[in-house]
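What TrEMBL says about this one:
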BINDING   S10, H87, G167, F168, G169, G170, G198, G218, S219  substrate binding site
BINDING   H35, D37, H87, D196  divalent metal cation binding site
ACT_SITE  D37  active site, proton acceptor
ACT_SITE  D196  active site, proton donor
Amino acid sequence: MAVTPKIAPSMLSSDFANLASEAHRMLNFGADWLHMDIMIAIASKLNGFFKLHFNKNSLRHFVPNLTIGAPVIESLRKHTKAYLDCHLMVTNPLDYVEPLAKAGASGFTFHVETSKNDWKELIQRIKSHGMRPGVSLKPGTPIEEVFPLVEAENPVEMVLVMTVEPGFGGQKFMPEMMDKVRILRKKYPSLDIEVDGGLGPSTIEVAASAGANCIVAGSSVFGAPEPAQVISLLRNSVEKAQQTLIQ
């Protein structure tokens, strides 16, 4: 059975001063989900100023950047019933399950690199709070590391394959990551497989043909003269590729 396309504009590329109107605009253009990148850094006060710092136990393994947190999710939830696809680039995802659930998150995707010892508890807690669990992996992480999470008695329901290094929008798509998508699609035909990073009209066909059905697109949508046309193109590419894959 073919999986359905889910087009998820990345709100990281939106106008943060008008987040609610940007969300409505994307949904009116045909988006299925709204992708929310949650990146948290650590701040310390130094000589009267706040300085970002990263040590071996902090977030240097992920992102040197700050974006949104639960308060912004909560604020946006007041203005939309849309599926909020939350991608957590943090080292302590267990700490965010309850706050994000209370804020109104729909999906909770954590990184396998930070959850090797507690992913069973993490999945259980995500589901118990009414959210849909997903797992993500960075470009340098072997795809085999997510297999146990997909095959578990209480499994994740989506795998997000990063097609750029996480942390910033607007990066160049890494086509070599499509081998991971192909492996996943062959092994798990009904799994939701998401790709994030550099997706747009010039890269969607290779991602869709590899088997990705959940497409995160930031600058290619928000920066387009006609975002609705880009969303439609992404959807059509996934639909055509899925029909080919099931033949």
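Each residue, glycine too, has its Cβ placed from N, Cα and C.
All annotation found in TrEMBL is predicted automatically rather than curated by experts.
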Revision key, fill the gap. Rounded Cα distance in angstrom between D37 (divalent metal cation binding site) and G198 (substrate binding site) is 15
Study note, to complete from the structure: If you measure between the CA atoms of H35 (divalent metal cation binding site) and S10 (substrate binding site) and round to the nearest Å, you get 5
Exercise for review: Starting from the Cβ centroid of H35, D37, H87, D196, which together make up the recorded divalent metal cation site, report each further residue of the same chain whose Cβ lies within 8 Å of that point, ordered by sequence.
Suggested key: A8, S10, L12, M36, D85, C86, T109, L160, V216
Exercise for review: Express the distance between the Cα positions of S219 (substrate binding site) and D196 (divalent metal cation binding site) as a whole number of Å.
Suggested key: 12
**Study point:** Cβ neighbour count within 10 Å of H35 (divalent metal cation binding site)
**Key:** 29
Review point. Of all the binding-site residues given, S10, S219, which residue's CB has the most CB neighbours within 10 A?
Key: S10
Review point. For D196 (divalent metal cation binding site) and S10 (substrate binding site), what Cα-Cα distance in Å is obtained after rounding to a whole number?
Key: 9
Revision key, fill the gap. If you measure between the CA atoms of G198 (substrate binding site) and H87 (divalent metal cation binding site) and round to the nearest Å, you get 16
Exercise for review: Under 8 Å Cβ to Cβ from H87 (divalent metal cation binding site), same chain, six or more residues apart: give me those in sequence order, or none if nothing qualifies.
Suggested key: H35, M36, D37, I38, T109, S136, L160, D196
**Study point:** Those binding-site residues listed as D37, D196, and which of them has the most Cβ atoms within 10 Å of its own Cβ
**Key:** D196
